[in-house]
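Peer 1: Per TrEMBL, the features are:
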type     : residues : note
TRANSMEM : 12-29    : transmembrane segment
TRANSMEM : 35-51    : transmembrane segment
TRANSMEM : 58-76    : transmembrane segment
TRANSMEM : 82-103   : transmembrane segment
TRANSMEM : 110-133  : transmembrane segment
TRANSMEM : 139-164  : transmembrane segment
Amino acid sequence: MTTINIKDITRIAMFTALIVVIGQISIPMPYGVPMTLQTFIIPFAGILLGRRDGLLSVFVYILLGMTGLPVFAGFSGGFGVVIGPTGGFILSFPLMAWCAALGAEKQTKLSLYLGLTAGATLNFLAGMLYFSFATSSTLPAAFAACVLPFLPTAVLKIVLIGLISSKMSRYKLYHKITG
């Protein structure tokens with residue numbers, strides 16, 4: 001078992017703060033699931049911090065929101081948000097970070113893109129199923145509300161995250177963050 005030191009705690013806290021700030025950039029959508037940049041920044045938690053610290057960063061973010069702090073999209077917070085229609089998306093954020101970290105660890109573009117795609121797919125699946133349950137809607141209706149409108153931006157986010165990660169790995173900043 002590895003220990004956690006001040007440097008790790010600082011990186012986790014800084015990335016949690018980054019998720020909070022970036023997560024506030026959102027566009028309301030008709031069915032109550034906002035389009036946010038959370039799904040853009042959360043994979044970077046796994047890529048830059050690794051599996052353990054990336055997961056911790058995202059878990060801290062979720063716990064802060066569950067305690068009532070307004071850290072979720074639209075400055076919302078509280079346990080009600082997590083058990084509401086968008087709860088499946090929020091609860092699957094750690095999976096997104098973990099999949100991205102796993103893909104990045106292999107150090108090939110293919111594995112990174114597979115990890116990012118797996119994370120996005122799990123996020124959509126959890127979000128859609130949870131939305132269907134929370135709103136008593138059918139799976140096709142949940143798919144139309146929670147997945148279909150977001151597919152183009154999800155593909156764009158995956159491509160951009162992959163490109164940015166590939167470029168960052170060439171610079172010392174990346175090694176300072178990850179090392």
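First residue shown is number 1, and so on along the chain.
Any Cβ shown, glycine's included, is placed from N, Cα and C.
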Peer 1: When only pairs 6 or more apart in sequence are counted, do the transmembrane segment (58-76) and the transmembrane segment (12-29) reach 3 or more Cβ pairs under 8 Å?
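Peer 2: Counting Cβ pairs under 8 Å, at least 3, so yes.
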Peer 1: For the transmembrane segment (110-133), which recorded stretch in the set 12-29, 35-51, 82-103 gives the largest number of Cβ pairs separated by under 8 Å?
Peer 2: 82-103
